[in-house]
Structure formats: structure tokens, C-alpha cells
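Listed in TrEMBL for this protein:
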{"type": "SIGNAL", "residues": "1-26", "note": "signal peptide"}
{"type": "DOMAIN", "residues": "34-105", "note": "domain 'Inhibitor I9'"}
{"type": "DOMAIN", "residues": "128-594", "note": "domain 'Peptidase S8/S53'"}
{"type": "ACT_SITE", "residues": "D137", "note": "active site, charge relay system"}
{"type": "ACT_SITE", "residues": "H210", "note": "active site, charge relay system"}
{"type": "DOMAIN", "residues": "373-456", "note": "domain 'PA'"}
{"type": "ACT_SITE", "residues": "S543", "note": "active site, charge relay system"}
{"type": "DOMAIN", "residues": "657-766", "note": "domain 'Subtilisin-like protease fibronectin type-III'"}
Amino acid sequence: MGKILWRLLSCTFFIILLSLLFKVTAGYHPSKTFILRIDSESKPSVFPTHYHWYTAHFVHPTRLLHLYDTVFHGFSALLTPQQLSSLSHHPSVLAVFEDRRRHLHTTRSPQFVGLRNHRGLWSQTDYGSDVIIGVFDTGIWPERRSFSDSNLGPIPHRWKGSCDTGVRFSPNNCNRKLIGARFFSKGHEASGTLFNDTVEFLSPRDADGHGTHTASTAAGRYVFEASMAGYASGVAKGVAPKARLAMYKVCWKNSGCYDSDILAAFDAAVNDGVDVISMSIGGGDGISSPYYLDPIAIGSYGAVSRGVFVSSSGGNDGPSGMSVTNLAPWLTTVAAGTIDRDFPAEVILGNGRRLSGVSLYSGVPLKGRMFPLIYPGKSGVLTDSLCMENSLDPDLVKGKIVVCDRGSNPRVAKGLEVKKAGGVGMILANGISNGEGLVGDAHLLPACALGANLGDEVKAYISSSENPRATIEFKGTVVGIKPAPVVASFSARGPNALNLEILKPDLAAPGVNILAAWTNAVGPSGLESDTRRSEFNILSGTSMACPHVSGAAALLKSAHPDWSPAAIRSAMMTTATVLDNTNREMVDQATGNGSTPYDFGAGHLNLAHAIDPGLIFDITNDDYVMFLCAIGYRPRVIQVITRSPPKCPRRRPSPENLNYPSFVAVLPASSSSRRLSLLSKTFFRTVTNVGEPNSVYWVRVEMEAEGLTVTVRPSRLVFSEAVKKRSFVVTVTGDAGKLVLGEAGAIFGSLSWTDGKHVVRSPMVVTQAQPL
């Protein structure tokens, strides 16, 4: 027996050695996934389909992952460096980019954005029952009550999608509410990421919870007696409760979302017949790729050019400036704000001080008992202060409340580390970067999050006290919080890193402590060790804000079927509010100071007025092509995005003249411009009357700054039955000697048109930059 085993081991070793030797001598290089944009018009007629052409001339069929033919022409495949080099020089290949991994940007909110039962946008659209929302996310838990098809009519006849079969998922899981469910895993699998079938489902079923949450936020049905362990109890519902849902699973638990799979989902969704795409996904790496190298920008252009509205999250890298992602002007990019509901908790120190924070802890309370208080960060070791995995000493932590700094690892994971080390509670302290912005978490032990100032106070108390002690009290759910909305501290900020002339984000929507449906595969903390199960969960992020806008777009599409994606965005932006519920301008959660259009775009979503905006700024496909010409893209580069070669004018147009519902005047800041007394920028805009046919609108400009003047010609727009479009010119002039930019490097204001009933408001930004 021993000899047989020895021979087997020897043979195995010999085979491995030969394999390695072959790879070395053959110049072996590992394959990677690449996406190739092909000029489809150059296909030789001898090939019946593009698939036959691609597999005969470009790549072996076994190496082909996805074939794209709707929003994008080309394919994704596993390629060696030699194959990549050869294909990159093929005359029919317009562009090649490596597959990248994206990340998720991780209810009372419908009322907070102006929706009311039996009147307004809900009643006028039958709650969006004829509109289809496609959600790109982690999948869906179809059994949740939020996805019931009770009392829904037939599936819209235009629907051509499918319900994929997979692990714990079959066509029977779809219904008249969840009308489609597909999954895209080839890019994920080709990346070399191991598929863990003990925590993930190779099917549209949601193992993470994020997709179930975003889908029900956009279009969840009315669910009575909804709550997360007693928090936020009441009736849960999405923004468009009767809209149909189609889930496109492109993100995988703990593995992110790959561009090649996202692009395949765009292709499928547009072919299937969705009206709206909701995508709470972005880069998250601090780098904004040019549009022609960004599959999300390319795929979304293909969708928007076919009349599909695409809503995207702006990212969670705030409050740092220039952190917003998903910047393409055809995308609607969403920031996050608070609502007027909170989950307060208090830290009570041994000196009697009561410090206000937030928590979603639902277990056994501390019942007023005081415990020793410790801050591991006193050691000066960063991992200790952050309560990273295996960083805490049980001898120091056992039986104590532990102060952990926010950052690096998940907030709930810090609590788990404290619990594993024997701690009885946790105080989660914000740092300077998060400021005073707080979000609730379903912690596994008694825990409370505090803002940066109060966190510092707790640490100072520990340092100055011989016997520091504390306890935590939980206050449940409180509504009617003022001020609200407030721009969330984590919400990514402008300006636009690719094109300053396009203001991003576009608008803000509820994204803090949002109650929505949840998977049954994992507990509300998302930790594998969390054995709790909940039908609903409370999450925060621009991921939660994005589906609010997606649901809103579905309602507006239902009310105005002939409106383009740009018209729908315009209606939301020009009716958005910049005031909170105290009738003051919105503040920034991170600092407590006033916020700006770099934080919230046009303002916070307000659907009470969006159904009847008065005027809209529409944008055609040709307008977007002219914008790409304006920013200096060559025709062959533009074709990567638009699929057909453009005709750019000899005289390059100005990017600020895209018919956007906002104005950003970028004045020159070079040394030569300082010698000029006056700097100016001119905008051309056209508005379409969608209100009463015979209307007269007057302009109002609000921008007070020394050395700055704004003129609008004409100052009055007259519409009639015959005249539905009017153009106007805005000129911004700055005195170089007197112009003083604010702390954000800009001056902010607004331009509004009003007829006495409607107020069509556009944000204005004046900034300076070195000319390229």
C-alpha cells in the first residue's frame, strides 16, 4: 500500500513539474478578461452573424464570455498578453479595456419626497403599474411581501425578458410584480475569484441583501406591520409601488461587480424592454475613467439613446471634494440626504454627561448599568483604535465598553471584534473625515455611534478620569426630526472630475437609515456570524438614494410616456428643493455648515411638483454627440460610445452649451487672464413648455458676489399653442480684480423662470480653472 501511495505522489509531482516547465518554456502568461469594442459595420458579408465573425477572426469560442450587440458592439473574452497585443492593432477594433471590478454604494421616505396617497403623482399614474424598472444589483429574495403581485394587472405586452433558472431559483419565483430575473457571472468567474457556494447562489437569488433592499426601495408593494426589530415600524412601500421589477444580478457577495457582466446586463435590459435602469454601483477607487474607457458610461449611453432612463449612485466617498462618480451627462447621478426620522441613542458618562448618537441595536439593553470604559487607541497603534480583526486584547477589553474609531473595516465588524474579545458594548467614534454624520447599524452588541466632537469628548474623559465608566440607552424611533433633509456626510461631492462644465451630482434623495426589504440569507448586520433574520433592514448610502430617483422616474414616465430620459431628469432637477423642513437652506451633516450644489446638485427630490414642472431642458442624442466633440474626443473615440461615427463641426463647440438644467461657468485662471479686467462665459439654452400652452415666464437670477454680473437675454419667454420652444442666452461676467471664490473654490447661485405658478430653477456655479 505504501509503495502504491509513493508512486502516486511521485507521478503527481512529475506531472506538476512538467506543467510548470511547459509554461516557462512556452512563455506562458496568465489570461485576463478584456472588453473589445468592434466596428460592427466592418463585418465581412461572408459571416452570417457577428458571433461567427468574432470566433473565426478574434477569439476561440471557449474563451468568449459575453457577446454585446445592443448598447455596445463587441465582446468580452479571456486573452493572453500576446492575443491582446495582436487584437489591439486590428483595424476593426475601436477600443480595448481590461475588465474592472466595481463596488456597491452601500419606509417613510416616499412621503418625505412629496408623495401622498390618493392624490398627486401616485394617483395620476396608478402607482407606476405600466412601467418596468430594471435593477442591476446582487439579486433578489422573491418571497418577500414587497414583491407580491396581488391585485396587479397583466405584465406589459412589450416585455420580452426571462426568469432564469439557477440555485434555489426558478421561473416560478417570478410573477406579475417581479417579471424578470437574470444573472451574469461569466466576468466574475473569469476573474479568478473563487465562487463560494456556501454563501452565494449561482442564480438571481440574493445572498447579500443589497439588491433586495434597492429593488423594494424603488418599487416595493405596500407592506403593513413592517419594521427592523421594532425600529421604523409602520407601512413599508417603494416610490413606485405598482411598477414592475426585473432583477439583473451583476454583483456577487464579497466579490463586487465586473464591467463585462454589467455591460451584458445593459444589453439584456434594453432588449428585454425596461423603461428605467437603477444602478447603485460605481468605481469607488477615486479614479474617474474617460467615458470611452468606462463600460458603465458606454452601456448607459446605449440605454439612454433608446429612451431608457438610467439612475446611478454618486458614491460614498464624501465629504471629500471631487469624489462623485458616474459622471457621464446622460446618467442621472444621485447624492444622499437624510429624512425626518432617526434612531437616537445616548451614551451616559460617569461624570453625568449625556451624549446623543444613533443606534439600531435591538438586543438585551444595558438597563442603566455603568461599565468600565476603555479606548484601545491610547496605545497609539492604529489597528487597535480601529478595532480591526484580532487587534483587541481580551484581558483589557473583557467586561468593558470599548471606544472604536470609525474607518477601514465595516462598522458592524468593529462591534463583532469587541464582542469576541469579551466587551459588553461599543461606542463608535467618528473621525474628522466623517465629522458629525451618523448612520444607524444593527449591531450585535449594545453600541452607539457618536459624531467627531462627542467622540473626542469621550476620549478626553477616559484620559482624565481614574475610573472612566459609561452606559448606553436606546431611544427607539423618532419622527419629525429637524432639520431635514441634511446632506449625508458620506455622500460623494462635486465638482465633476472629468468635465467641470457639467454639475454632478444632479440631485439628492433620501439615503440615510432607509427601511426596505432584506434577504433571508444573512442577518441585518450582513455578518456571517449574525444568526438573526429580518424581513426588513435599515441601510444608508447613495445606494439607497439612487432607487428613490429610479422609482420617481418610473412615475414620471407613466405620467408622461413621451418624455425623454433628459426631460424626466430636468423635471426632477428644476423642481428640487434646496430648503429643509425649517425653511432654511440645507446644511452639510459633516460640518453643520451650509451645503452647496457641489453637495446636492439641483437640490433634494420633491415629487410634489415634478409631475408639472412647467418647462423642461431636453437633450437629444445629437446633443450628447456634440458634447463629446466639444470635450475634444476624436470621431473614432466617440464611436466607441455612440456606435456610429459622428460628424464633429470644424469649429469645436463649447461643452457648457449642452442643454443641461444647470450652469457651471468655468472662467480662466491663467496668469494672462489676471491682466484682463473682465472674464466672461456665455451659455445657450432651449426650454420646452410642457405646461399651459399660452404662458409667459420671467427670469430671476440669485447670485450675489462682488465683481460678478449675470445677464439673461431675453428676460421674458412667451409661449403659445404654436410656439412650444424658446431659447435664451446667459452671460456670466467676472471682474478679475474683485472676484473672490468661496471656500469650495466657487460662487453659487441660481437662475429661475417663473410664470406665477411654476418655478423652473437651475443651480448656477462660477469657478476658475487653468485653461488646457
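The backbone N, Cα and C atoms fix where each Cβ goes, and this holds for glycine too.
Note: TrEMBL annotation is automatic and uncurated.
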The domain 'PA' (373-456), counted residue by residue under DSSP: helix, strand, coil: 27 helix, 18 strand, 39 coil
Rounded Cα-Cα span from D137 (active site, charge relay system) to H210 (active site, charge relay system), Å: 7
Helix, strand and coil counts within the domain 'Subtilisin-like protease fibronectin type-III' (657-766) (DSSP): 5 helix, 64 strand, 41 coil
S543 (active site, charge relay system), number of other Cβ atoms within 10 Å: 30
Count of other CB atoms lying within 10 Å of the CB belonging to H210 (active site, charge relay system): 27
Cβ contacts of D137 (active site, charge relay system) (under 8 Å, same chain, 6 or more positions away): L104, D206, H210, G211, T214, A215, M247, Y248, K249, V250, C251, S278, M279, S280, I281
The domain 'Inhibitor I9' (34-105), counted residue by residue under DSSP: helix, strand, coil: 22 helix, 26 strand, 24 coil
Mean of the pLDDT scores, which run from 0 to 100, over the domain 'Subtilisin-like protease fibronectin type-III' (657-766): 92
